[in-house]
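> Copying in the features that Swiss-Prot gives for the protein in this structure:
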ACT_SITE  174  active site, proton acceptor
DISULFID  84-108  disulfide bond
DISULFID  255-300  disulfide bond
DISULFID  281-324  disulfide bond
DISULFID  337-342  disulfide bond
DISULFID  390-413  disulfide bond
CARBOHYD  73  N-linked glycosylation site
CARBOHYD  245  N-linked glycosylation site
CARBOHYD  274  N-linked glycosylation site
CARBOHYD  291  N-linked glycosylation site
CARBOHYD  333  N-linked glycosylation site
CARBOHYD  370  N-linked glycosylation site
CARBOHYD  457  N-linked glycosylation site
TOPO_DOM  1-16  topological domain 'Cytoplasmic'
TOPO_DOM  38-477  topological domain 'Extracellular'
TOPO_DOM  499-510  topological domain 'Cytoplasmic'
TRANSMEM  17-37  transmembrane segment
TRANSMEM  478-498  transmembrane segment
């Protein structure tokens with residue numbers, strides 16, 4: 001009788017335990033299958049390409065981007081595969097030689113034809129955006145600017161790509177697209193979250209970076225002010241990206257790119273000379289001759305227009321950083337401000353907050369001066385470096401930097417001093433907030449600038465709402481796979497143990 005009760009108890013317990021174990025094993029198997037299927041989808045073979053030409057004031061560059069077709073709405077999936085710099089000046093310089101535009105574009109367009117697979121030529125969009133150089137030409141001669149763009153368009157349409165047009169983008173667009181680019185590359189638009197990282201790591205906040213862009217003819221500042229009233233609607237843009245709203249301040253200062261700023265300074269200094277300028281922003285021993293008419297033909301220098309008795313200007317460098325900075329400061333008119341805060345020329349500027357990425361000429365000039373590393377995060381180091389560099393004789397520089405073009409080498413003293421003065425006197429950074437400026441050329445092998453943001457916007461690859469599901473991080477995925485595998489193994493071991501446990505085990509359970 002007792003043996004029968006023991007047998008019935010064993011059978012009852014075994015069935016219940018096995019049911020529980022079976023249910024647990026099914027859940028573990030389903031979890032493993034679900035993780036495997038969602039996380040290890042085969043990589044899409046269909047890669048898409050996009051081409052953007054940046055027609056700047058001093059040169060034109062072509063960028064080729066690629067991305068997996070099935071991940072267009074993910075963040076950080078677009079990568080740069082090629083950068084090709086066209087030989088020659090910016091397209092605005094072709095006003096009197098339109099017939100040379102075909103040759104100008106040929107090398108880089110042929111390079112694009114080689115890089116992009118032939119089977120995808122017809123579906124690869126090509127965009128050309130012209131910036132401040134063409135904005136200035138349009139101010140001077142709108143018909144001529146239109147002719148250049150139409151000639152460029154005719155040339156590009158001869159290639160087997162999906163040409164989407166050539167246009168002059170506004171300064172506001174240039175600033176906004178640069179801001180989108182840097183924050184897309186730094187992965188700042190999507191809040192990182194998962195089962196085991198619900199709280200961001202210390203220092204891993206999701207605040208966006210501000211963008212500082214400097215070209216030859218204009219400069220842009222763009223950022224999201226925190227807890228500040230945006231007093232100037234024309235400088236405010238509203239974006240909804242990945243389910244989050246952004247109120248972005250942006251302004252483009254036409255004529256305040258480094259090349260046009262130099263022309264402004266030289267034209268201003270001409271008033272009190274007899275045709276010779278002793279220029280502290282050029283190195284001692286350096287000489288340059290310029291046609292006076294060239295100085296006054298640009299819209300940026302018209303405010304200094306005056307009648308001069310000499311046709312040619314002679315520049316003689318003196319190499320003095322302090323005097324150079326003193327002569328640059330008057331370019332920024334801070335005497336008038338109709339708002340609570342201004343940058344210069346009466347333009348509203350909120351208090352710069354948070355980290356900023358400084359790219360384009362900001363990066364190239366500071367890179368030449370070896371100020372893009374941690375040392376460059378101290379304003380005092382930047383000042384002392386420029387002071388030492390500007391004082392070096394021209395002959396010495398030519399000997400040490402013989403491979404650098406004379407135009408660029410001769411202007412690094414001015415350009416570096418101008419950048420320092422623009423950031424301090426124009427944008428009102430301080431010695432304390434200078435450390436928040438990060439000079440960047442590339443992020444993850446992709447050039448920082450407005451072109452990527454431009455393409456992302458035109459191809460609608462940044463959704464307004466956050467994707468409903470994203471892949472787990474690699475560490476989370478591995479952890480879950482190991483966890484559910486262990487659960488499955490433990491369930492099997494317990495099941496085997498239950499089925500083969502000696503009879504006294506069941507007696508102990510009574």
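Cβ coordinates come from backbone N, Cα and C, glycine included.
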> Ranking the disulfide-bonded residues 300, 413 by other Cβ atoms within 10 Å, which is at the bottom?
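Minimum Cβ neighbour count within 10 Å, taken over the disulfide-bonded residues 300, 413, occurs at 300.
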> Just counting, how many other CB atoms are there within 10 A of the CB of residue 324 (disulfide bond)?
25
> What does the structure give for the C-alpha distance between residue 84 (disulfide bond) and residue 324 (disulfide bond)? Integer Å is fine.
35
> Would you count the other C-beta atoms found within 10 angstroms of the C-beta of residue 274 (N-linked glycosylation site) for me?
10
> Taking the Cα of residue 390 (disulfide bond) as the centre, which of the recorded positions listed as 174, 281, 291, 324, 342 lie within 10 Å of it?
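Within 10 Å Cα-Cα: 281, 324.
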> Count, for each of the disulfide-bonded residues 108, 342, the other C-beta atoms lying within 10 angstroms of its own C-beta, and report the residue with the smallest count.
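Each of the disulfide-bonded residues 108, 342 was scored; lowest Cβ tally within 10 Å is 342.
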> Among 174, 245, 281, 324, 333, these being the recorded positions, pick the one whose CA is nearest to that of residue 413 (disulfide bond).
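Of the recorded positions 174, 245, 281, 324, 333, 281 has its Cα closest to that of residue 413 (disulfide bond).
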> At a 10 Å cut-off from the C-beta of residue 291 (N-linked glycosylation site), count the other C-beta atoms across all protein chains.
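For residue 291 (N-linked glycosylation site), the 10 Å Cβ neighbour count is 11.
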> Using all protein chains in view, find how many other C-beta atoms are within 10 Å of the C-beta of residue 333 (N-linked glycosylation site).
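So the Cβ neighbour count for residue 333 (N-linked glycosylation site) comes to 11.
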